[in-house]
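A short write-up of the structure that comes next.
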């Protein structure tokens, strides 16, 4: 049987098979049954059902053009669209010319490419570490800046193409324009063409944009946000990074590996203010002290003036965070603004629907239904909001989880995302990962709710696999409810922490106890035995 299109292939597969392996390529929407380029198995729940085939054939959902319209096509919007099609809902996505959103095009994905390449450079320049492994590198270790930048760009384009092809293959209508609300219920207008589309339910997934504080002038050349930094147009000798959160830490890792000196400028009294304090102190020792990094805390970058690469420095005037008096002026080669992100909700027509925002954030309930305001707001029928725009948890995978949850509720199955069970990671070398509250927050929660907090720790220096890698620094800290045994939070700093955290996230989500975890068998020798040590220690057992 000859199959002439991606959609035909999916319809045929849905009608005849329970599982089909398909390949998407970033330059074409064609699919082939097998390939090594990008292979994803779509099981039956992700393929349109026979009911969907009938609906798609007459292209009608009754009084509406679509069952669901999603405004925004980042990871959240994409996840919502896939799950919507799995429920046989006719779906459209307004991509706004940005399939993949921030994560794929200007965030998670390309930054990991830069971190991977710069990390290799760091490893190969670490002569002492290599010598311990019996390795010597002859001559200087060099890198091609343009090649590293191209690696990041090519990866982003490849993933973007895969996402777009998956939408097309599943029968999602992709509208290239930016979608805005019209003020009339169930309507979305294509801002570019003016055409109005209707849907029973509308999901807002516009994502976020970098926040630039007042007084900072960004030219994306010498003063840039993460958007400009990912282009890696040059490697400055001295770069100031304003903000010491996830983004700032990751880029300090990239820049120092490639030969830059870094100065952090942090408005709060301590570096990494949102991190667990014990982990932050270890991170300062492992990621900052031994590298060409210094910092200023409790100061604002009140005025930042761009320079000219190689000719004129960037000028940064700093004021005391408390007194607002001038304390210092720095002249550096470049400055990166990593002061967080704000919702991309401006000019979306929210006001026309009676939706008030706070600093751009849209209020939602636990089902992701939009509320008219943050305090005592009423549900706006048929309108949902996911991802960075609602501010609950500004992470790509959280947005996807919220998108799936919103579709579950649209389909009539009540669902709420447990944000305490969503992990997060900072992809430095070594990595930092966490799930649940910080220890400080856990102490407050335990006191407020009347339970006893337990704490247990595993050490990378006692782990055979970590020692084999020459990476014995780091810990895994498990925080648990002593009364019930349930895991409340886990914080890890060490090699491959971002991969190790998933076991802990699953434990939090499932309500697994440390007693149960202590009896589960971990492969030897592996890094996950660091967690085994912590779980066993929580119940008085020894793992050594």
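Backbone N, Cα and C define each Cβ position, glycine as well.
As written in TrEMBL, here are the features:
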{"type": "ACT_SITE", "residues": "524", "note": "active site, proton acceptor"}
{"type": "BINDING", "residues": "112, 179, 388, 394, 395, 396, 397", "note": "FAD binding site"}
{"type": "BINDING", "residues": "243, 244, 245, 246, 247, 248, 249, 250, 266, 340", "note": "NAD(+) binding site"}
{"type": "DISULFID", "residues": "103-108", "note": "disulfide bond"}
{"type": "DOMAIN", "residues": "66-403", "note": "domain 'FAD/NAD(P)-binding'"}
{"type": "DOMAIN", "residues": "422-534", "note": "domain 'Pyridine nucleotide-disulphide oxidoreductase dimerisation'"}
{"type": "SIGNAL", "residues": "1-21", "note": "signal peptide"}
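Excluding 243, 244, 245, 246, 247, 248, 249, 250, 266, 340 themselves, the residues of that chain whose CB lies within 8 A of the CB mean position for the NAD(+) site are, in sequence, 241, 251, 272, 338. Cβ-based neighbour count (10 Å, all protein chains) for residue 103 (disulfide bond) stands at 26. Around residue 249 (NAD(+) binding site), the C-beta neighbours below 8 angstroms that are at least 6 residues distant in the chain are 272, 283, 287, 426, 428, 432. Here the Cα atom of residue 243 (NAD(+) binding site) is found 32 Å from that of residue 179 (FAD binding site).
Ranking the recorded positions 103, 247, 266, 524 by the distance of their Cα atoms from the Cα of residue 395 (FAD binding site) places 103 first.
Within 10 Å of the Cβ of residue 395 (FAD binding site) there are 21 other Cβ atoms, across all protein chains. Long-range neighbours of residue 388 (FAD binding site) (same chain, six or more residues apart, CB within less than 8 Å of its CB): 76, 102, 207, 208, 341, 343, 344, 394, 399. Note: residue 397 (FAD binding site) has non-local neighbours 75, 422, i.e. same-chain residues 6+ apart with C-beta under 8 A of its own C-beta. For residue 245 (NAD(+) binding site), the nearest neighbour among the listed recorded positions (103, 108, 179, 524), judged by C-alpha distance, is 108. Proximity to residue 103 (disulfide bond), defined by a C-alpha to C-alpha distance within 10 angstroms, is shown by none of the binding-site residues 179, 247, 266.
Largest Cα-Cα distance over the residues recorded as binding NAD(+), namely 243, 244, 245, 246, 247, 248, 249, 250, 266, 340, equals 15 Å. Here the recorded positions are 112, 524; the one with the fewest Cβ atoms within 10 Å of its Cβ is 524. Sequence-distant neighbours of residue 108 (disulfide bond) (same chain, 6+ residues apart, CB-CB distance under 8 A): 396.
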